[in-house]
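Per TrEMBL, the features are:
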DOMAIN    1-165  domain 'Cdc23'
REPEAT    226-259  repeat 'TPR'
REPEAT    260-293  repeat 'TPR'
REPEAT    294-327  repeat 'TPR'
Amino acid sequence: MLRDQVSKKSLFLRYYALYLAGEKRKEEEMIELEGPLGKSDAINRELVSLERDLSALRRTGAIDSFGLYLYGVVLKEKGNESLARASLVESVNSYPWNWSAWSELQSLCTSIEILNSLNLNNHWMKEFFLGNAYQELRMHTESLAKYEYLQGIFSFSNYIQAQTAKAQYSLREFDQVEIMFEELLRNDPYRVEDMDLYSNVLYAKEACAALSYLAHKVFLTDKYRPESCCIIGNYYSLKGQHEKAVMYFRRALKLNKKYLSAWTLMGHEYVEMKNTPAAIDAYRRAVDINPTDYRAWYGLGQAYEMMGMPFYALHYFRKSIFFLPNDSRLWIAMAKCYQTEQLYMLEEAIKCYKRAVNCTDTEGIALNQLAKLHQKLGRNEEAAYYFEKDLERMDAEGLEGPNMFEALVFLATHFKNHKKFEEAEVYCTRLLDYSGPEKEKAKSLLRGIRMAQTGFPSMDLEHFPI
């Protein structure tokens, strides 16, 4: 229809239709050629002619900002990222309101250096772009600041509220995220977009009733949205029905093959089902879609760890840490790899646990492991330091259990051996609150302390005031 038209809008529509026709044929070939989790070599066969024609039109100035956007998309798919960025920057500077162009440009900004090198005109759309780009580069504090600034201008924007919630989710502020999504649903009761992230929060908090309500709500709103299928999958996963969860994650992927969360979450389900090869396939597909997704790299590490292959697991844990260096869970996973019999690199494990402590290990795993490793290596002073730190954490959180008993016994014995009897008595007295063999252990330690203090032979504990 548009072959003989020469206006810039007509040229864009013609070439964009050609591009979409190529994408449709590529999708059809992928369905015919690929297996359930396999890859396909199908390509858009129109890219070569599109690149040739659009390049010639750009040189003569015969295409507008939309044509430049399409040229950038074509160059990106051909692997020419530098030229693609230049074309997309020219497009958004010429017409800043095309969010598709900003989105493609953001996907090509894989580092803060590339982002800072872009010569972009000042415009309020640039602020939206930067907020999104910072989020993808895991600069969550900067992203949050951008969206808070934009919220002051666009006070009633549901999009900005959802993006703010995403940034806070990445900062693991789950309580605040839950409040924001509840408000978002009050403002927009039939919203499905971004609700999969809300379901992740409810899953992490094990809020089964709230997740059940959300799954039912999105099912009634639009059951054939990938997000809806993902939310229902999360619900079945929380209920321990992993086969059903996989079925819904697969359904999400039929609707959108590039739906990153579904690949990653399906990998998690396969790990739970002990189907390691399928988990690895799912995680690899997630990495193909987004090579910077730390969750998929972490999942691959876990899968290889389950297979007893710590060298491979270590490689993938390192990749995940590269993309998210401030997550204590990733450092702890890497430390455990170093502790395996095949590697047994305890000094490296200690370094990883120290990084985990610096990244605010909320579960306290790192402090306990640091104490045990130093104890194993005969460094009792360092072990005592970390046992004391761990004890302070448990006291602050009101926790008890075997870790507390272990810390109290070590510290009582350590201070007794160093003739610091007052400190030793404090820890022994706390041990007397336990019952059974723990209490007997405390009495035995106290007898030893009294003997060391007085020089008298062993006597009944009752002879000494406590």
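Each residue, glycine too, has its Cβ placed from N, Cα and C.
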For the repeat 'TPR' (294-327), sequence-distant contacts whose Cβ falls under 8 Å of one of its Cβ atoms, 6 or more beyond its ends | 138, 260, 263-264, 267-268, 271, 274, 276, 279-280, 282-284, 286-287, 333-334, 336-338, 340, 342-343, 359
Average the pLDDT scores across the repeat 'TPR' (260-293) and report the rounded value.
-> 92
In the same chain, residues at least 6 away from the ends of the repeat 'TPR' (226-259) whose Cβ sits under 8 Å of its Cβ atoms read 30, 36, 192-196, 199-200, 202-203, 206, 208, 211-212, 214-215, 218-219, 265-266, 268-270, 272-273, 289
For the repeat 'TPR' (260-293), sequence-distant contacts whose Cβ falls under 8 Å of one of its Cβ atoms, 6 or more beyond its ends = 37-39, 110, 136, 196, 200, 226, 229-230, 233-234, 237, 242-243, 245-246, 249-250, 252-253, 299-300, 302-304, 306-307, 323
For the repeat 'TPR' (260-293), residues assigned helix / strand / coil by DSSP = 27 helix, 0 strand, 7 coil
